[in-house]
Amino acid sequence: MDRLLAQCGCLYGLRYGPEELESLQRSHKIDKMIQKDKQVIRRQVKLLLLGAGESGKSTFLKQMRIIHNCSFEPEQLVEYRSVVYQNVLRGMKVLADARRKLDIPWQNPANEVHAQRLLGYDSAFEPADSETFSRYAPSVRALWQDAGIREAFERRIEFQLGDGVRYFFDHLDRIATKASIEFIPTNQDILHARKATKSITEFVVPVNGVPFRFVDVGGQRSQRQKWFRCFDSVTSILFLVSSSEFDQRAKANATSPHGGAASAAPPSLNTAPPKAPVNPGSSQGTTQTKEVPSTSSLVGSKAPSVTTKPTTKTLFVVSPEAMVTSTAPAQTAPKERRGSLDRSKKDKTALLEDRTTNRLVESRSIFETIVNNRCFAEVSIILFFNKTDLLREKLASRATSIADYIDGFKGDPHNLADVQRFLVNWFYEARRSQHKPLFHHFTTAVDTENIKVVFNAVRDTILQKNITQLMLQ
């Protein structure tokens with residue numbers, strides 16, 4: 001086009017002046033760039049990361065950077081350092097508050113001084129920098145060594161605590177020692193650091209010559225209205241499920257110090273029991289992508305519907321420090337324990353938030369909306385049953401049972417393969433059209449080697465499914 005314009009410059013010059021001719025040439029260049037961009041967009045693979053809050057979407061995106069050797073920028077490392085500091089301080093504040101409200105005695109009563117110091121920490125007024133962290137680190141160390149705090153930690157299903165907190169407590173000496181100078185988070189530190197996603201994050205990496213664009217949007221309820229902006233030209237959806245959260249409750253309004261909400265004591269769900277789930281053909285810990293076989297060989301019943309009887313209750317939150325009155329289901333906890341929280345006490349630093357929905361049930365509800373959306377009729381959907389490490393640990397402890405929270409479970413509630421088989425079948429049953437193909441993997445998002453193997457399988461599945469379309473562009 002530029003050559004044509006140059007050759008016909010005399011003709012254009014007869015009709016246009018120099019300024020008009022320059023403007024015309026500039027317009028043609030812009031049109032050419034737009035066409036080129038459109039071609040690139042048509043050739044790219046757009047992967048939309050969806051799922052409830054704290055399911056591991058942002059962690060998966062971090063893994064994509066690490067696996068593809070895209071280093072974190074210096075300003076990102078500074079930000080993650082603050083996130084690590086906040087996770088540690090807020091996490092110990094929650095544990096100190098939980099120990100008090102659960103009426104767990106101190107192993108060393110002198111640690112009450114350290115607990116009061118952490119309970120007085122307020123991130124709104126104290127920056128999460130090296131100076132602040134160094135000031136609180138001795139108290140965090142002393143408290144983490146106390147059996148009372150450890151018992152509160154073991155009872156963390158009764159309140160909300162970030163999954164990465166224990167990792168940072170176990171690495172406290174390294175973090176605290178370097179805090180006085182310049183602590184630089186490692187890749188593992190960054191993977192365990194938790195900060196709620198409140199914007200749309202994109203990451204593009206070339207895979208076999210094809211641009212893969214990963215789009216991560218916040219999973220919290222307040223962020224889900226942004227999802228629809230990202231639905232255009234989606235190649236595949238990676239839907240992440242926190243498989244270990246069958247005994248935790250989904251947040252309603254307020255947020256916890258970790259970007260999530262403080263959870264109420266685990267109630268049993270009043271659910272309509274489905275027929276016994278059929279083995280969907282998934283093996284324990286598999287990393288092979290599997291397409292759903294025929295309906296007759298896989299699905300034997302409708303998925304359970306969750307029904308709750310609402311009543312008004314007064315519950316409490318950690319932050320903001322105020323009482324919350326809202327609608328919560330009239331449900332009973334599986335078992336009362338010593339020091340169960342008295343929700344009638346109007347304590348400004350109380351522990352719980354009103355949670356009305358089981359977190360795993362909410363995740364399945366979101367998935368049901370996505371998988372049955374007509375916009376995604378031709379879009380491949382891949383399920384990541386994430387946090388396999390936490391699920392395995394929870395089942396091994398035998399402190400909780402999925403059968404107490406979701407009716408219809410058949411099998412050994414402490415056997416990993418049985419639980420995973422139930423979860424796969426339960427989510428697959430959410431499809432209205434049982435002929436729509438689904439794929440699934442069991443993942444641990446903080447395990448780079450696991451995600452590397454899983455992504456290679458996902459990559460091959462996506463490229464094979466879309467190879468014809470990509471070659472035609």
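Glycine is treated like the rest: Cβ placed from N, Cα and C.
Nobody curates TrEMBL annotations by hand; they come from automatic prediction.
Here's what TrEMBL has on this protein:
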type	residues	note
BINDING	54-59, 191-197, 216-220, 386-389, ALA445	GTP binding site
BINDING	SER58, THR197	Mg(2+) binding site
REGION	251-307	region 'Disordered'
COMPBIAS	254-268	compositional bias 'Low complexity'
COMPBIAS	280-307	compositional bias 'Polar residues'
REGION	326-350	region 'Disordered'
COMPBIAS	334-350	compositional bias 'Basic and acidic residues'
(request) In whole Å, note down how far the CA of SER58 (Mg(2+) binding site) lies from the CA of ASN386 (GTP binding site). (result) 12
(message) Can you tell me the CA-to-CA distance separating ARG194 (GTP binding site) and SER58 (Mg(2+) binding site), as a whole number of Å?
(response) 9
(request) Could you check what DSSP calls ASN386 (GTP binding site) once collapsed to helix, strand or coil? (result) strand
(request) For ARG194 (GTP binding site), name the DSSP secondary structure in the helix/strand/coil scheme. (result) coil
(request) Count the Cβ atoms, other than its own, that fall within 10 Å of the Cβ of LEU191 (GTP binding site), considering every protein chain shown. (result) 24
(request) Take the C-alpha atoms of THR197 (GTP binding site) and SER58 (Mg(2+) binding site) and report the distance between them in angstrom, rounded. (result) 7
(message) So if I measure Cβ to Cβ from SER58 (Mg(2+) binding site) and keep only same-chain residues at least 6 apart in sequence, which ones fall under 8 Å?
(response) LYS195, THR197, THR201, ASP216
(request) State the three-class DSSP label for GLU54 (GTP binding site), counting H, G and I as helix, E and B as strand, and everything else as coil. (result) coil
(message) A 10 Å Cβ contact count, applied to the binding-site residues GLU54, ASP389: which residue has the minimum?
(response) ASP389
(request) Using a 10 angstroms cut-off on Cβ to Cβ distances, just flag whichever of LYS57, ARG194 is the loneliest among these binding-site residues. (result) ARG194
(request) Take the Cβ of THR197 (GTP binding site) and count every other Cβ within 10 Å, whichever protein chain it belongs to. (result) 20
(message) Let me check the 10 A CB neighbour count of ASN386 (GTP binding site). How many other CB atoms are there?
(response) 28
